[in-house]
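J.: In case it's useful when we look at the structure, here is the feature table from TrEMBL:
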- B:6-28: transmembrane segment (TRANSMEM)
- B:103-121: transmembrane segment (TRANSMEM)
- B:107-318: domain 'Cytochrome c assembly protein' (DOMAIN)
- B:128-148: transmembrane segment (TRANSMEM)
- B:201-219: transmembrane segment (TRANSMEM)
- B:231-252: transmembrane segment (TRANSMEM)
- B:300-320: transmembrane segment (TRANSMEM)
- B:332-354: transmembrane segment (TRANSMEM)
- B:351-542: domain 'Cytochrome c-type biogenesis protein CcmF C-terminal' (DOMAIN)
- B:425-444: transmembrane segment (TRANSMEM)
- B:456-474: transmembrane segment (TRANSMEM)
- B:480-499: transmembrane segment (TRANSMEM)
- B:511-534: transmembrane segment (TRANSMEM)
- B:807-827: transmembrane segment (TRANSMEM)
Amino acid sequence: MKKGHIIGLGIIAVAIVIIISSIGDASSYESFSTAKEMASNGDEDPIHVVGHLKKDSRGTVTGLEVGEDKTSFTFTMVDNDGTEQQVYYNEPVPADFTRSEQVVVIGAYKTDQMFVADKILMKCPSKYQDNEFRDVTASKN
Amino acid sequence: MINTFIGNLGHFMVILAFVSAIITAWSYYQYTIVPETEKASWRKFSRVFFYIHAVSAVSIGVILFNIIYNHRFEYFYAYSHSSEALPVHYMISSFWEGQEGSFILWIFWDVLLGLFLIHTNKSWEGPVMVVFSLVQAFLVSMVLGVVIGDLKIGSSPFILLRDVANAPIFQMNPDFVPEDGTGLNPLLQNIWMVIHPPTLFLGYASTLVPFAYLMAGLWTGRYKEWIRPALPWTIFSASILGMGIIMGAYWAYVTLNFGGYWNWDPVENASYVPWLIIVASIHTMITFKKSSTALKTSIVLVITQFILVLYATFLVRSGVLGDTSVHSFTDLGLSGQLLIYLFFFLFVAIFFSVRAWKHIPSSEREASVYSREFWIFIGATTLGLMAFQVILPTSIPVYNAIIEAFGGVSNMAPPADQVEFYTKFQLWFGVVVACLTAVGQFFWWKKMDKAALKSALVTPYLISLLLAAVIISLAQVWDIVYMIIVMAGTFTIVANATILTKLLRKSTFKLAGGSLAHIGIGMMLIGIMFSSGYSDTVSINMSGLTYKRDWEDELNKENVLLWVNQPLQMKDYEVVYRGRHKKLEGVPGYVSVRKLEMTGQQNKAIALEDIVIDGETYHKKGDEVDIVLEENSYFEIEYYQDQKLQFTLFPMSQPNPTMGLISSPDSKHYLTKDLYTHISAINNYDDPEWGEAKEYKATPGEQFHLGDYVTTFEGGEVVNAVEGVELKEGDVAVKANLVVQDHDKQIELAPVFLIRGNQVGRIPVINHDLGIKVQVDNISPEDNQFVFTVNSYQKDYVVMKALVKPYINVLWMGTIIMLMGFGVAIYRRYDEFVKMRDKGLE
């Protein structure tokens, strides 16, 4: 076998390892119910859940409890299937949290009742660019 | 009044730039194919049109900046990216905050590069400029803003707000102009955001140059010759793009709350991957110049790096990363256009390569293990695999989009812990690259066989082992993986330093580029290892409580709550939060908000006392002072060790109405480490909800508890003047002097009780730090008692995080050395090209 072939095979082997590990380490978007199922089957890999905060009829966020030392909080999240779930996050409340339109939590169930988020991604009405025109009362004219 | 002229002029310039780019491409095509006798006139014609293109492209930028600079908020771009309060240098960053502005920046750089190429090339001008002008046409089309039926081509930065917004105000008054814009994203209000995007876009723009030379070479049958002019530009591209990436990392380090400089965010990855391929292509191109091998590999890599830049642009701007990246742009509906752009050049490149493939010389000779070609090839392959490992998972949202486009369902998400996932691969690749640069350099400068290699490597190897041992024991690196990294890093530094000294002894500094750049890489590897691997969170909450009753795990909290003036032990330091500060125009350092009273006017305040810094009085009491960006507060955090004040940090925070709390850390820089302090949450200060009033009675001299504070009522005092109130004949004003003890601070409060005729007035004092409002409710002279009512809300606090980043300076120093190496290499290769050109050979 020529040296070039050995190198070629080596490269292919590394590439395959990379592909397999990318698939293996890729997370997935789940709902709370499938996440719970995964947890009860002993699968503790972190997953992504997309949803929004629970709000009352007046649009106020309910179920947000801030820890006494303000460095952690729990909140109630509703996933896209409508399942409500209490989520714990071991960081201070992000300041624009209650304004978020959509939240993605990355984490896993620690107990049956408690989903622990390692990371929270938020989508706010105008996070990157102000595409909605907010009424400006004052005018130059 | 609404000014539509300037926008129309801008739009006209865009169309002119687009049309002139197409004409230039066509005429340079003619210039390339016509017989020698007609060339001169075609060249003149082409150049004239490229100049027209250049002028119109620059005008687009000038006009857009004029719109921002003059606060023309009738234009959507100015309205949504700028505001009245921005200083000029941030207006520059708001220029490229939006996608349209950043495309214009890209177009501008390409114009400069194009002009440079026209005037430095002879035989290459025609075919290279065809490719250049075509790329320009595609880029300009991104800001064209032409709508034909349902087809939208480009997004114009010159559209009026009234044409975009649905607000009812425009039905009532079409000439309505908002008074202020929505402002610049506060994260971008940083000096690095003024210079990082232009650098990065110059890096992106310059990847076109080697690609254009390659296409020109394949087209005109100069399959080998394109390498010489392309090489200095490839190195230029690698250094500028590398510099841009590192500037972005530095910006993230000093501005963002990531706690680091690299987060493996898709947008970061999208710039890192082409950079790796560019670096790989530099190596194969150099190999070709030395030994006529690796030409095909070079061709593939040069095409790949250009296409990857387009792919990166697509990832960032199509909105496909929306859910996975913290800083991708919003979708402007350009994804289709970006894909056409990408596939057009991909097909052109494949077409020309396939057509030329059989004519491209390749060496049939098997490269020996003792040849430099072999080692460089392995190095380039490693870089390619590194790039592959990053781009594959980064593209997960693209796979989902493709599967969904075909009606499937895909719920694949990026790895949950990106940093861990990418690091575990890239770290080992880094070790391999470091070892290859060390060994490869020896092969480079000498003919090698087994014996020669041994003798050449043994000394550097021993020295580096010794050095690594010293570093490992001094810095206490006890993790085996990190030990290997230190060894690989020192090995590449020592080996390349050996080569460097040999080269310098022969006084050929021109050749030193490679070894300098490799020394830089070795230092970066060690710096990255220490600063991330040994990053230490200092602000661990030491309370050790179980955090939630129904779940037993204990989690370490990385944030601590600091009440004002109340010390807290965290690891080696005792920290105290001392209150908020502002920056004032013309005053060094920070000024406590206690000394300022806000006026309600933007960035203006009244000094409540003399503002004295280091013995110099900058403002007198009662002066109006200018605040530098009123929204920004600086939180004074004192660090003590053994009861002695070590240093004070002022991390910044801005509660932003659209983005929430935006924080920028402050760091204490040591030679060997940075201590990094970041604000995670703050007390809402401006609009407190006062609790119920409590009543306290006290006689002068009495000590009592005011809420949680031990307070001494020193006595009442009749005063002749009260601030803010004009005293009349017969008025009696009594000031009550209270001293509140808050840990080591004594805070004096003096509410005033005023009697005019048979009416009383009460002037309360508010102390935001303590979160209390005190007023004298009554004075009963019979029993010599003062009655105070006290409302309270919350003492001032911050929640903060502190990290130690060891040896981060090694990373920054390594970067600078690497860039110096690139600089030397560019000089050498460009010099070569110029000499050959002047001999009439190119």
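Cβ atoms here come from the backbone N, Cα and C positions, even for glycine.
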J.: If you count Cβ pairs under 8 Å, which stretch among B:6-28, B:231-252, B:300-320, B:332-354, B:511-534 touches the transmembrane segment (B:128-148) the most?
T.: B:6-28
J.: Within the domain 'Cytochrome c-type biogenesis protein CcmF C-terminal' (B:351-542), what mean pLDDT does the predicted structure show?
T.: 86
J.: Would the transmembrane segment (B:6-28) count as touching the transmembrane segment (B:511-534), i.e. at least 3 C-beta pairs under 8 angstroms with sequence separation of 6+?
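T.: They do not touch: fewer than three Cβ pairs between the two stretches lie under 8 Å.
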J.: Quick check for me: are there 3+ Cβ pairs below 8 Å between the transmembrane segment (B:300-320) and the transmembrane segment (B:456-474), leaving out pairs under 6 residues apart?
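T.: By the criterion, they do not touch.
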J.: Quick test of the contact rule: Cβ under 8 Å, at least six residues beyond the ends. What residues does that give for the transmembrane segment (B:6-28)?
T.: 42, 45-46, 49-50, 52-53, 56-57, 59-60, 63-64, 66-67, 72, 75, 107, 125-127, 129-130, 133-134, 136-137, 140-141, 143-146, 154, 156-160
J.: Looking only at residues six or more beyond either end of the transmembrane segment (B:425-444), which have a C-beta under 8 A from one in the stretch?
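T.: Residues packing against the transmembrane segment (B:425-444) from afar: 370-372, 375-376, 378-379, 382-383, 385-386, 389-390, 453, 456-457, 460, 481, 484-485, 488-489, 491-492, 494-496, 499, 514-515, 518, 521-522, 525, 528-529.
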J.: With the transmembrane segment (B:456-474) as the reference, find which of B:201-219, B:231-252, B:332-354, B:480-499, B:807-827 contributes the most Cβ pairs under 8 Å.
T.: B:480-499
J.: Counting Cβ pairs under 8 Å that sit 6 or more residues apart, are there three or more between the transmembrane segment (B:807-827) and the transmembrane segment (B:332-354)?
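T.: These two segments do not touch.
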J.: Ranking B:201-219, B:332-354, B:480-499 by Cβ pairs under 8 Å to the transmembrane segment (B:231-252), which is first?
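T.: By the under-8 Å Cβ criterion, the transmembrane segment (B:231-252) pairs most with B:201-219.
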